[in-house]
There are 2 protein chains.
Amino acid sequence: MRPFKGPNFSLILFFLIVHVFVLLPANGFHPLDPLTPSELNQVQTLIKKSHKDVTFHYVGLDEPDKPKVLSWLSRSQPPNFFQHRIAFAVVRTNSQTHEIKIDLSSNSILSDKVYDGDGYPMLNNEEQTAAGELPLKYPPFIASIEKRGLNLSEVLCEVFTIGWYGEKNTKRAVAVMCYYIDGTVNFYMRPIDGIMATVDLDKMKIIQYRDRLMIPVPKADGTDYRESKQDTHFDTRIKSMTISQPNGPSFTIDGSNVRWEDWVLHLSFDMRAGLIISLASIYDPEKNEYRRVMYRGFISELFVPYMDLTEEWYYRTFFDAGEYGLGLCAVPLVPLRDCPENAVSMDGYFISQDGAPGYIPNVFCIFERRAGDVMWRHTELGIPGQTVTEVRPETTLVVRMVSTVGNYDYIVDWEFKQTGIIKVTVGMTGLLEVRGSVYTHKDQIQEEVYGTILAENTIGAHHDHFLIFSLDLDVDGDANSFIKSNLKTSRVNGNISPRKSYWRTKVGNYVGYRLVPGSVARTLLSDDDYAQIRGAFTKYNVWVTLYNKTEKWAGGLYADQSRGDDNLATWSLRNRDIENKDIVLWYTVGFHHVPCQEDFPVMPMLTESFELRPTNFFEHNPRLIER
Amino acid sequence: MRPFKGPNFSLILFFLIVHVFVLLPANGFHPLDPLTPSELNQVQTLIKKSHKDVTFHYVGLDEPDKPKVLSWLSRSQPPNFFQHRIAFAVVRTNSQTHEIKIDLSSNSILSDKVYDGDGYPMLNNEEQTAAGELPLKYPPFIASIEKRGLNLSEVLCEVFTIGWYGEKNTKRAVAVMCYYIDGTVNFYMRPIDGIMATVDLDKMKIIQYRDRLMIPVPKADGTDYRESKQDTHFDTRIKSMTISQPNGPSFTIDGSNVRWEDWVLHLSFDMRAGLIISLASIYDPEKNEYRRVMYRGFISELFVPYMDLTEEWYYRTFFDAGEYGLGLCAVPLVPLRDCPENAVSMDGYFISQDGAPGYIPNVFCIFERRAGDVMWRHTELGIPGQTVTEVRPETTLVVRMVSTVGNYDYIVDWEFKQTGIIKVTVGMTGLLEVRGSVYTHKDQIQEEVYGTILAENTIGAHHDHFLIFSLDLDVDGDANSFIKSNLKTSRVNGNISPRKSYWRTKVGNYVGYRLVPGSVARTLLSDDDYAQIRGAFTKYNVWVTLYNKTEKWAGGLYADQSRGDDNLATWSLRNRDIENKDIVLWYTVGFHHVPCQEDFPVMPMLTESFELRPTNFFEHNPRLIER
C-alpha cells in the first residue's frame, strides 16, 4: 500500500557500521533476535540461487522451539552464539507460493515446499507501487480521467486487497483506486470514486476495469494537514516544556534486551507483526528470582471491515497485518514528536521484493514516562496527633511503534509498570478512507450513504478496527490455566442478614495475571458473512488456545483472500485441553468507527487500552520502596 | 471519618493574606465562586445568632439560577461584585435538621426550614472523632479489649455509616469499629473484628454494643507502607527526571477562572462534591467565538457497597459524597508527588462542626501534562518522490483532586485537550477494608469468607465503587438532546452486494459531544435490596434528566440512611420531556473490586476513565496548527 521506503543497500552498510553495537550484543545473538541485514542477505542469496524468477513476501526468524530458548536462557553462561539460527521465507515464483526454511548457521536450505492452500502471502511494497502505476498508462483509465476534465499528472493510485466473497477460484489480484492530488498532500480526501481497476499481481496487469459513474472529486480546500499550509492567525502558544534526565535513562539495552527496574524483556522487529515483546520477566525481591510473565506478545492481526456496499467499497475487509504487514508499514518515529526527548530508539530491517534488506530507522522508541501519575498513595488522618502521607509517583517504561497502513496510523505502546502491570495502549489517528459523493450538505442526503458527510462531496465510511493481541503468558512457567471470574448475584435467604443480595466469585488465590479489558467491541457482521468467516476471531474478545508454535496469525498465515480455514476460530475448534497447559491468551481491542467532522482532514487520536495485572502473583504490593 | 484537619482560625487569616489574589480576582466575585472564609464566618455568625446549640454539617454556595449566571457572563463588563451571593447551610439543632439560606449581601437569613423527611445530613469531622473515642471509655469495650489481651492505648476506633435496612424509625446513628495500631500506621489492616458499637450521634453515646466473637487481630508485620519502615535491600533506582517550563505555564488563573489554549473554565471547591468544573467553553476559531460545552461537571455520589453478610459488615453500603463529603475528605496534594513539578495549586475551605472555616491547602493542582502522547499524526509515503510526516505531540491541562475517604484514596483528574476533548480519569488507591479471620492460609478456608485472604487472618472483602458524574452539558446553549447511537447489523438482501451483512447507524451530523465510556460496571445487587433502592443510579451507567437546580445529588441530599425517595432514579420517574431541553447527563464509573494480595498493605492504583468528545461540533479537526 505504499512504495518501498528504505534506503538502498549502500546506505544499509553505512548504518551497519554505526549500529554495530546493536547488532552484536555483548552476549552474541539472543535466540529470538530478529534477522540481521547480513542474515537477510544470506537468505536472499540462497533463495535466488535455487529460484530464478522469485519475489519475496516475507522473511523473518523461524524461532527456536520454546524449550530450546528456555534452556539457552537458563544457562548461567550462554554460548556466545546461538547455534540454531533459522530463517523462514515466503516467496512467489511461477505463480506459486513457496515456504522456505534456511539454516543460517550451515548456510543451506532446510526445506522448500509449495503452499497450495487458499490465500496469498503479504504484498510487498514494490508490487503495490507497480500495480498503482498501471492505470496511468491504461487507455480506458486515461479516457475516464479526461472525461472528468482532470489532469492525469495529478492522479495517484493505491492498491487495496479485495478479500474473498465465496469465489471458488481466485487470482492473486488487488483493486486499484485512484485519487486526485492537485493542491494537497491529502489525496485520500480526494477519491476519484466510481472507477475501479483490478490488477493481477502475478501478471502485473489490469484484468478488469470499470468506470461505473461520475462523482465529483471532493475539492482540495481544507484537506491539507501540513502546518505550512494553515493560516496561522493565532498567537497563543504552549510555552516550552522539557523533560530531562541528566544522568540518562534508568534502563539499559544490551542488544535487543531491555532491563528496567525489576523488568527484563526482549524486543524484536518482524515485518509482519511489527513489534514483538518476548520473555518478559520480573524480579521478585521476596523470592530473589526473576519470574516469568510473558513468553511473547504481539499484534497477530488487524482486521478492518468497511460497511459500505457500493461496488468500489464492499470488498474492503482488510487484514492489515497479514496483507500489508504491520512491520513493513512501520514508520521512522520522529524525535521529540512521536516520542519525548528522553526516548532512545531501535531500528528494524525487512526485505524488499528482490530480497534485499530494507531499513527503518527509529522503528521503536523506548522511554521512561513520568506523566504526573501516582503509583499508589495514602493520607492517614485517623491517628490522633499524627498525619501520615505516603505518595509514590509513577514512572513507567514505554516501548512504542507506529504503523501507517496507507491512510491509518496506529500507535502501539507496551507499557511496563513498577508494580508488575503490563499496559497496552492502541491509538488510532491518520486519515479516513472517504468516498466521493454528489452531496455537498447532509440535508440533501436521500439514500443510504454508509457513512457521515464530512465535507462537500465527502463521505467518511463506517468501519471497524479489530486488533488482536497474541499474549503467550507463561506465568511462573509454561503450565497455566485460564479462569473466568464470574461475579454472580446471590439472593440472601432467611434471616441470616438484613441484606437481600450480594455478589460472589470463586477466583481464589491462584498465582496469576489478570486481564483487565478496556471498552470492548465485537464484530457486528453475520457469522456466515465471508469477511466474518475470515475474521472470525472478532466473534469474542477473549480466546484461549493451547500453545502451538505455528498458530501465530489469528487471520491465517495467508490472510490475503483467505477462506477462514487456518485461523484462530478453526484452531479453537480442535478443542484441545487448556487446563494446566502451555496456553495462549488472545485479546481483541475493537473500535466501531462512525466518522465525524473532527476526523477531517486528519483524525484526533482515539485510544483504547487493556492491562495485564499481577493478581495474587506477588505476596503483597511489590513496590513499597521508592526507587 | 477523620478528625478535623484544618489549621485554626488564626492560621486561616495568615493564609488569607498570602492568597489574597486568589480570593479577590480582578473582576471581583464570579457568581459560582465558592464561599470565602469571611463569607463562611458570616454564615456561622448569623446561624449561631438564631440557634443556640447547633452543629454544622454543610455550608456552600447556593448558586444563582442559570439564566442569571449566563446573563452576568454575557456582559462585556460584568459588575465588580456579583449581587446575589447566597449561602446554603445544613445544620442540626435539637435533633432536627435545618436548611438555612443566607443572603450574604444583606447579611440576613432568607429562610430557615426544618427538614422532616428521611435521611440525615453529612457527618462532620468532629462528631466522627468524638464517636470514635466513646468505646475507649466504655467499660464493656474495655473488658473486651482486656479479654483479648490487647493494650487499650493502642486501640483506635473509626466511624462507619450504617445504611438503611427497612427500619421504620431510625436514629442518627453510626457503627464504630476498632483497630489495633500497635507497631504500624496501617491500622485498617488490624481490625479487632467481632466487636461493634453503635453510637447515637445526636446524644453522642453508645446505644448498642456487641462482642460477638473472638477473632485474631492480624499481625502488624508487613502492614506498614511507609518508606522508612521498609528494608531497603535494593540499590537500583530511577534516575532523576525533571519536567521544566522555564517560561511558566501556558495557562492563566484569574480568581477561580482558568484559561488555557482554547479553553476557559471555572473551578470551585465544595465540601460535599469536592472539585466542581463549571462553565467550560472552547474557542472556535472558525466562528471566532467561545462556544459553551459544559455548564457544570462534578462527582455527585460515590456508592461503595460491600458484599460481606457478617454482622459487623453487612451494613457497609457507603455513600461517600453524601455521608462523608468528597470535599471534606480532600487532602492537601503533596508537591512533586501527587502532582508534577510544573503544577500550581488552589486551596479549599470548608466548615467545622461549630461553623468555623477550615482550610485545605493545595486541594487542587493544575498542570500541563506532556506524557509523550501524540495528538494526531500521519506519515504519507504514497506520493512518489515525497515523504510527508506531520506529528503533533499532545499537551493537556489537568485539574486534580484527591479525596481520602477513610481508607480509600480517590484521585480524580479532569483533563482538557487541545482538540476539545474532556477526559475524566478516576484512580483508586489507598487501603482496603479488611476483616479479621481465623484463617492463616487459603487452604484452610471451609466456609464463605466474602473476600480474598490477603495475609494471615486478613480477608479483603469484596465490594464495589460507583462514582456517578453529573455532567450538565450545554453544547452551544441550554437546549440539548441526547441521542443513543445504536449500531445495528443489517442483512444484505438480494444481489445488491456480495456482502451478507454490514452495520448501520442513524446518528447523522448533529452538533454535539459524544460520551466515550470506559469499561462499564453496573450494580449486581437485587433491585429490591435496601442499599440498591438507595443507590439505584447504579442500575444503568447512563441517565439523562431534565435540568433542575435542586437535583444535584444522585443518592439524595440526605444520603445517610436515605430511603431512595430523593435520588436520580426517582427524579427520572417524573418522565419529563428531555428533547431539545436543558438536560443533564449522568455517567457512572464502576469498579467491582475482588481484592488481591498485591492490594496489601496498600493498593497499586487502579484507573478508569471516560471521554466527552466533540463530534460534529467543529467543522473539522480544530487543531491543525501547532501552538
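Even glycines carry a Cβ here, placed using N, Cα and C.
Under the heading signal peptide, TrEMBL lists B:1-28.
Summarising the annotation, TrEMBL assigns domain 'Copper amine oxidase N2-terminal' to B:30-113. Helix, strand and coil residue tallies for the domain 'Copper amine oxidase N2-terminal' (B:30-113), in that order: 23 helix, 29 strand, 32 coil [DSSP].
Marked as domain 'Copper amine oxidase N3-terminal' by TrEMBL: B:121-218.
Positions annotated as domain 'Copper amine oxidase catalytic' by TrEMBL: B:242-506.
Annotation for B:Asp320 (active site, proton acceptor): spatial neighbours B:Glu301, B:Leu302, B:Phe303, B:Val304, B:Leu326, B:Cys329, B:Ser403, B:Val405, criterion Cβ-Cβ under 8 Å with sequence separation of six or more. Residues or ranges marked as active site, proton acceptor in TrEMBL: B:Asp320.
Sequence annotations record features per position, and here TrEMBL assigns active site, schiff-base intermediate with substrate to B:Tyr408. According to DSSP, B:Tyr408 (active site, schiff-base intermediate with substrate) sits within a strand segment. The Cβ of B:Tyr408 (active site, schiff-base intermediate with substrate) has 24 neighbouring Cβ atoms from other residues within 10 Å, across all protein chains displayed.
Annotated 2',4',5'-topaquinone per TrEMBL: B:Tyr408, in sequence order.
Each residue of the domain 'Copper amine oxidase N3-terminal' (B:121-218) gets a DSSP state, and the totals for helix, strand and coil are 27 helix, 29 strand, 42 coil.
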